[in-house]
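Below is one structure, written out as structure tokens, with a few remarks after it.
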Amino acid sequence: MDGVTVIDHPLVQHKLTIMRDKETSTASFRRLLREISTLLCYEVTRNLDLTTKQIETPLATIDSPTLEGKKLVFASILRAGNGLLEGMLDLVPAARVAHIGLYRDHDTLQPVEYYFKAPENLADRLIIVVDPMLATANSAIAAIDKLKERGARNIRFLCLLAAPEGLERFCSSHPDVPVFTAAIDNQLNEKGYIVPGLGDAGDRMYGTK
Ligand code: PRP
Ligand code: URA
């Protein structure tokens, strides 16, 4: 599918298998999500623009590569997005952070917004939106609608698992936003869960069920 990258790195796939296993504990699930997010972060930032700056090493003066442009923004869709956020910040500690509070109504599967806080100047920054699950895509589409209302123009979406139905909806709603995912699963079930999936990411991260 155009605009969709599947991150098939062996370490990502290995960790994802352990996360899918229903016997994996909350503590392990959280640790694995943090570990996997550093690997995903590496891939989603692979083609960032570089410039050079002059530095002095102990032996010479050189023009050395450095990231170009304003600081990145990582936008976490609460709650489960925070599981990816932590590992991303381990790799890019200077990134700015946006929090987008959304939960999915269990009956309608429509997102309900309860919080939004983002840095200024979204128009000048690359924004990487993170949420482990892209199911119907209603939450991701709403989050990106909101960021665009605030001026965001350069956005990428990073998740762990995507359903084909959700991917299709997402790509037709926001064709300008590339998607990075560790896997595309088979389908959604009648309750809007990804199958085979890993269950409810937020509940598994925080032990709330
Ligand atoms: C989960 C997940 C996504 C959303 C995906 O969050 O983290 O945000 O569902 O589903 P969708 O693509 O059908 O919108 P949830 O609403 O369960 O909230 P939580 O993170 O607070 O548990
Ligand atoms: N949200 C989740 O946490 N898991 C799913 O499978 C679908 C939506």
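For all residues, glycine too, the Cβ spot is worked out from N, Cα and C.
All annotation found in TrEMBL is predicted automatically rather than curated by experts.
Mapped onto three states, the DSSP output places Asp200 (uracil binding site) in coil. As annotated by TrEMBL, 5-phospho-alpha-D-ribose 1-diphosphate binding site applies to Arg79, Arg104, Asp131, Pro132, Met133, Leu134, Ala135, Thr136, Ala137, Asn138, Ser139, Asp200.
Residues or ranges marked as uracil binding site in TrEMBL: Ile194, Gly199, Asp200, Ala201. Just so you know, the Cβ of Ala201 (uracil binding site) picks up 25 other Cβ atoms within 10 Å once every protein chain is counted.
The domain 'Phosphoribosyltransferase' annotation in TrEMBL covers 6-208.
With respect to ligand 1, the binding-site residues Ser139, Ile194, Ala201 contribute Ser139, Ala201 as residues with a C-beta closer than 6 angstroms to one of its atoms, given in sequence order.
In sequence order, Ile77, Leu102, Arg104, Pro111, Asp131 make up the list of same-chain residues 6 or more apart from Ser139 (5-phospho-alpha-D-ribose 1-diphosphate binding site) whose Cβ falls under 8 Å from its Cβ. Averaged over the domain 'Phosphoribosyltransferase' (6-208), the predicted model reaches a pLDDT of 97. Counting only residues at least six positions away in the same chain, the Cβ atoms of Tyr193, Lys209 sit under 8 Å from the Cβ of Asp200 (uracil binding site).
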